[in-house]
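According to Swiss-Prot, the protein has these features:
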BINDING   48, 54  NADP(+) binding site
BINDING   125, 126, 127, 238, 239, 278, 293, 294, 295, 296, 297, 319  FMN binding site
């Protein structure tokens, strides 16, 4: 199986399965000399881990990270960094009814047809459990970006099903299990999720991610454009079915006189481009939105087929998130950070000594605030 590595200079290769003994990743290309401890990584993993509220899977995984290599006396050495997270709460018996039957909406059918073998326990390699090592790697990328460039990568849930969540303040995000930027709407979200669970159904979500402080110049046209790599990484997250950069699909209804972000000596007048022009960062906030589909594992009986091609009706048991989007915010943040650190290193390698006489303008002109 190929396709398990993300990045060019800063690469992340994940390994493991949902019900195997452990999951993890190997990070190659991390610059040496950065202070790093397991506690730095654990902070991010704790934001993603399961069992933290009644609205997510009740699989109780501590997601305790172990750094096996690449760090000596608390400092990165430049050698590959191996992160290991042991699985401790597998319950494989919950999946006995799908050994011979494919779950609708899951990767069961496609993995079987492609590889001729399938780990049915929790989806095996296709499980969202594998986003944990991504978040671990993202913690390292975030730390380097913040310390080296002052870049901050933050995200929030902007919609849960048909409920739009107006942005109020970043401080609200860390105060509720939905990563909602509006504390007043949390009771409505909780009631919505309780009703879904009672119905044995699920729902999707939209997550917005913002990277602030990214300097102008990151991105490698034509085919390694910054926005192209962001979209590629975001689509690598389980259940993501859509990605927008900046105004995204709303650009269809915008006139050029509106969408084109004007430049003034004092800064950009708008940011419909989402901080990327021509595949290169503009120095503005990089804004990304992802659409996450409803969880496919639900208790509602649905039609399927067996390995023999016979019709079947399947009801999924086990401990599943009624909305995988609830825990997706730190995952999306990590994916964006991994793309940014990779492009920061690529830019430094080729264009680190390039300078022009044109001043770098502000991300947003004062009159546009």
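Any Cβ shown, glycine's included, is placed from N, Cα and C.
Less than 8 angstroms from the CB of residue 293 (FMN binding site) sit 105, 204, 239, 240, 241, each of them six or more residues away in the same chain. A sphere of 10 angstroms centred on the C-beta of residue 297 (FMN binding site) encloses 25 other C-beta atoms. Between the C-alpha atoms of residue 125 (FMN binding site) and residue 48 (NADP(+) binding site), the distance comes to 18 Å. Counting Cβ atoms from all protein chains shown, residue 239 (FMN binding site) has 21 others lying within 10 Å of its own Cβ. Counting Cβ atoms from all protein chains shown, residue 48 (NADP(+) binding site) has 23 others lying within 10 Å of its own Cβ. Residue 48 (NADP(+) binding site) is 14 Å away from residue 127 (FMN binding site) when you measure Cα to Cα. There are 23 other Cβ atoms within 10 Å of the Cβ belonging to residue 295 (FMN binding site).
Look at residue 125 (FMN binding site): DSSP puts it in a helix. Straight-line distance linking the Cα atoms of residue 48 (NADP(+) binding site) and residue 295 (FMN binding site), rounded to a whole number, equals 17 Å.
Cβ neighbour count for residue 125 (FMN binding site) (all protein chains, 10 Å cutoff from its Cβ): 20. Cβ neighbour count for residue 127 (FMN binding site) (all protein chains, 10 Å cutoff from its Cβ): 21.
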